[in-house]
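Reviewing the structure listed below.
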Ligand SMILES: Cc1cn([C@H]2C[C@H](O)[C@@H](COP(=O)(O)OP(=O)(O)OP(=O)(O)O)O2)c(=O)[nH]c1=O
């Protein structure tokens, strides 16, 4: 019997790997793509997420094509963008960037977009864009400084990680939670299943606590 098709995650994000694992998918290889993630001038949030997910998939495909073990694998990439209106928030790497993001998000609604790109074994590209609306409580300057001290914002789009302390900032969320963390699990598994990748939860060992 043929084994399951190979699967490559084109991401260096530990969150994406753990979300995939949560859905019962263990990648055969990780191929993080080194792409310039700077939004283009005037680029809208959805377009930016779509473009970057596609660029990560393109880069991973090039590396997979050169690898005898992985050729013909399914490849999945993703990009998460946090936006207030048309404005794309940075992936915060500096304290000032994170503090500015949090001041902007305080007491307001924002949107989190994750684009996923799937490359099939026949090298067809499939793309999905998922949107989640999030409302934060009002954050005092003390809240912001305490959060900055946690360091949890580092490398995160919009300067926060909902899976940590910032989960308690959320007054309301409309849409997928896993999408905010970085990989929308319903859309990912549906897309993969629709392209013939076996999604069989029966194979799983239960991990929920
Ligand atoms: C909003 C939010 C983002 N994030 C993370 C998800 C992504 O890892 C990151 C956004 O950056 P991305 O550029 O989407 O991903 P990445 O550079 O971390 O990984 P790769 O390109 O290799 O796949 O922010 C959280 O972990 N929690 C959150 O609540």
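Along the chain as shown, the residues are counted starting at 1.
Each Cβ is built from the backbone N, Cα and C atoms, and glycine gets one as well.
Residues or ranges marked as site 'Important for substrate specificity' in TrEMBL: 15 (among others). Secondary structure from DSSP puts residue 15 (site 'Important for substrate specificity') in a helix. Applying an 8 A CB threshold to same-chain residues 6+ apart, the list for residue 15 (site 'Important for substrate specificity') reads 163, 181, 182, 183.
Residues or ranges marked as active site, proton acceptor by TrEMBL: 79. Under the DSSP three-state reduction, residue 79 (active site, proton acceptor) is assigned to strand. Residue 79 (active site, proton acceptor) counts 26 other C-beta atoms within 10 Å of its own C-beta, drawing on all protein chains shown.
Every protein chain considered, the tally of other Cβ atoms within 10 Å of the Cβ of residue 80 (site 'Important for substrate specificity') stands at 27. For 80 (among others), the entry in TrEMBL reads site 'Important for substrate specificity'.
Under the three-state DSSP scheme, residue 163 (site 'Important for substrate specificity') falls in the coil class. Residue 163 (site 'Important for substrate specificity') is surrounded by 17 other CB atoms, counting those within 10 A of its CB over all protein chains shown. Annotated site 'Important for substrate specificity' per TrEMBL: 163 (among others), in sequence order.
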